[in-house]
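Per TrEMBL, active site, proton acceptor is recorded for 14. If you look up TrEMBL, you'll see 44 marked as active site, proton donor. The GTP binding site annotation in TrEMBL covers 13, 14, 15, 16, 17, 18, 19, 43, 44, 45. Per TrEMBL, the feature IMP binding site maps to 14, 15, 16, 17, 145, 232, 247. Residues or ranges marked as Mg(2+) binding site in TrEMBL: 14, 43.
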């Protein structure tokens, strides 16, 4: 029976998915990390017990342990940011092994430029974009004539498509976005032919040599414990109620189920681990229930989500365990396999991170629309009673050796 681990953020992202992925890689044998949604705008922080730190965008959060990464067809590859991160990892002694599905869509420089111009153009009505071109790439890649995949890169077809995009698509998209008369400094760069030339050079001379094409069937056959690492969170999913302050990605379990169906495995043991901080955060524009003017605990330290032009500052709120339960149940109930001849065991787990940041062992949170202040153990027990998980992972620090696991069914 194939053991599958799925790591999913329960809120607006930044819950600790990198931490939990790193932990799962250390607790299982012959693992591979599979990215199944989103793109390079993920920021999954891993800190080793000896203090080595990296924020992962393209590569799986097990990379500091030498665990390989597979970028599935639901992941959008940004070659320029891939190379930037690859060099960052090299500087700390890591050479990541990366396999990519040939159907992976590609993010091109014009996607990033359009994204940044548009987000600035929105002024006070920003959607909370990271400015890395993911949403723009989804729009462009939805049109076959302008779609570029990793397979196109290896066949060389992508070069012709880049020319067609410059000749036909960019003007159309600028018109659609009402940016024709924008005086943004990036407008001139958007139409600069040198961008395409430099991109082709980087792809052909650097990017292609650092990846290997593969597919989900081969990955699941060759690795004992695939770990599906989700990006962002359930409250940012494209089908969540906070549109348009969401991402163009399914952040829950749906894509994982589709990939497992594609692989046609007959026996599966799936553990879905939903991750939350001990409080709620949002980095970017959009609703944040019960938002606070200041961070809830003085001990909170976040070196990853720094203030920037597009997302602003990291925002905070007490955790609402009823909303947390609603998010998890809505996603977990989507697990349904079309093939009825499979033998499938499915378990639901919860991971609560940043418990070490709770001041004076007093947790502030919402339950039944009431703001409560209880000791940390009572807070944890309230969450477990509400969600009723099979397993619980409690994190009291920044690295995997600060995680404690116990079964809620014992």
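Just so it is clear, glycine is given a Cβ too, placed from its N, Cα and C backbone atoms.
A separation of roughly 7 Å, to the nearest angstrom, links the Cα atoms of the residue listed as 'active site, proton acceptor' and residue 232 (IMP binding site). The maximum pairwise C-alpha distance among 14, 15, 16, 17, 145, 232, 247, the residues recorded as binding IMP, is 38 Å. Less than 8 angstroms from the CB of residue 19 (GTP binding site) sit 45, 46, 47, 61, 353, 395, 398, 399, 400, 403, each of them six or more residues away in the same chain. When the binding-site residues 15, 16, 17, 145, 232 are screened for a Cα within 10 A of the Cα of the residue listed as 'active site, proton donor', the ones that qualify are 15, 16, 17, 232. Residue 17 (GTP binding site) counts 28 other C-beta atoms within 10 Å of its own C-beta, drawing on all protein chains shown. On the backbone, the CA of residue 145 (IMP binding site) and the CA of residue 15 (GTP binding site) stand 38 Å apart. Neighbouring residues of the recorded GTP site, listed in sequence order and excluding 13, 14, 15, 16, 17, 18, 19, 43, 44, 45, comprise 9, 42, 61, 275, 304 (Cβ within 8 Å of the Cβ centroid). Cα to Cα, residue 17 (GTP binding site) and residue 232 (IMP binding site) are separated by 9 Å. The two recorded residues, residue 15 (GTP binding site) and residue 232 (IMP binding site), have Cα atoms 8 Å apart. Taking a C-beta cut-off of under 8 Å and a sequence gap of six or more, residue 16 (IMP binding site) has these contacts in its own chain: 275, 276, 277, 351, 353, 354, 395.
Ranking the recorded positions 44, 145 by how many other Cβ atoms lie within 10 angstroms of each Cβ puts 145 at the bottom.
Residue 13 (GTP binding site) sits 4 Å from residue 232 (IMP binding site), counting Cα to Cα. Summary for the binding-site residues 13, 43: the Cβ-based neighbour count within 10 Å is maximal at 13. The Cβ of residue 232 (IMP binding site) has 25 other Cβ atoms within 10 Å, all protein chains considered.
Classification of residue 19 (GTP binding site) by DSSP places it within a helix.
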